[in-house]
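A.B. asks: Pasting the relevant annotations from TrEMBL:
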- 1-17: signal peptide (SIGNAL)
- 95-113: transmembrane segment (TRANSMEM)
- 101-350: domain 'Cation/H+ exchanger transmembrane' (DOMAIN)
- 125-141: transmembrane segment (TRANSMEM)
- 153-170: transmembrane segment (TRANSMEM)
- 182-201: transmembrane segment (TRANSMEM)
- 221-240: transmembrane segment (TRANSMEM)
- 249-271: transmembrane segment (TRANSMEM)
- 291-316: transmembrane segment (TRANSMEM)
- 328-350: transmembrane segment (TRANSMEM)
Amino acid sequence: MLVPLLLVLSAVSVAVTDLYVTEASAPTERALTVFPVPSPTAPHLSEQRNDAGIALARSADSHEPSASTDQGETSHHGGGYKIVQWEWSYVQTPYIIAIWILVASVAKILFHFSQRVTTVVPESCLLILLGLVLGGIVLIANKKQLYELDPGLFFLFLLPTIVGDAGYFMPSRLFFDNLGAILLYAVVGTLWNAFCTGFSLYGMKLAGVIDEKVEGGMMEFLLFGALISAVDPVAVLAVFEEVHVNETLFIIVFGESLLNDAVTVVLYKVYISFVEVGPGNIHTADYFKGVASFLIVSIGGTVVGLIFALILAFVTRFTKRVRIIEPLFVFLLVYLAYLTAELLSLSAILS
């Protein structure tokens, strides 16, 4: 105990000594600046005076930065050492995310304890009400802050986790037994919904029902129809799980909600390419290319998913003695299947 104390005291004494020597030597260095004084008997007295004036001016210019630096250091250290500092800007984003996750987790626990409320109001509706309450608190606080969601962040990080979770825990036997009905609702029903919405809005635009300030042609309205045609029955599925409905009905609604997202994403990419090209530059062959692109993107995404599923099945054959890394392989290969489909411009949701 004594030796570390002596080392600390010696270090402090050395630091104080260095500080004292530095402060004492600073004025001495300035005082040693000597300029030659011209002799009264020396010739060219005016030239020597001019040279001495130039030297004094240069010396003053050379000493001005050091003086301002000393003043800056004095003003910087004038407040003293701060033991505790407020670093909100440094931890703002992860802190807010952690708080939201904590609030959602606590709300989930409270919902399970309040059986009387959840039997009357579905859990998803209670979550919506909780969001409205928290939004009202933020509004009352008069803190207006806009947040723009990056599409890359959503499609590369948020969407893979949602789709991967839904696909992993999906009852596969029921899904494939009812695949025909699911595809009928997911593909044909979604396309019908998108076309009806787009053409109806375009017809209302031509009839003058929609305000003239709303600009857009047929492709823009079809693009809007593709965006809103996919339904996400989260509340319906939550109610189905609570009341334990027929398994066939549940898997049809669940499978349709899973596949219609893939259909709308593919349809959106086709329409957005038409909008970027321009209605005047679209030919008849481009429509056939759009249909072919729709089929290739859908089937290609499914093929990519099957390839990575075979790779995962082959890899997990050799993990019997290292079970701890099996979830890692599942997560990584599912995510790689999604990214590979995105890399090839295929349907990542189907993969």
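If you go along the chain as it appears here, the first residue is 1 and each next one adds 1.
Any Cβ shown, glycine's included, is placed from N, Cα and C.
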A.B. asks: Give residue numbers and ranges for long-range contacts of the transmembrane segment (182-201): same chain, 6 or more residues beyond its ends, CB-CB under 8 A.
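C.D. replies: Sequence-remote neighbours of the transmembrane segment (182-201) are 175, 210, 218, 221-226, 228-230, 251-252, 255-256, 258-260, 262-264, 267.
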A.B. asks: In the same chain, who gets a Cβ under 8 Å from the transmembrane segment (153-170) while lying at least 6 residues past its ends?
C.D. replies: 254-255, 258, 261, 330-331, 334-335, 338-339, 342, 348-349
A.B. asks: State the residues, same chain only, that lie 6 or more residues beyond the ends of the transmembrane segment (221-240) and have a CB under 8 A from a CB inside it; answer 'none' if no residue qualifies.
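C.D. replies: The answer is 122-125, 190, 193-199, 201-202, 205, 249-250, 253-254, 257, 260-261, 263-264, 267-268, 271-272, 275.
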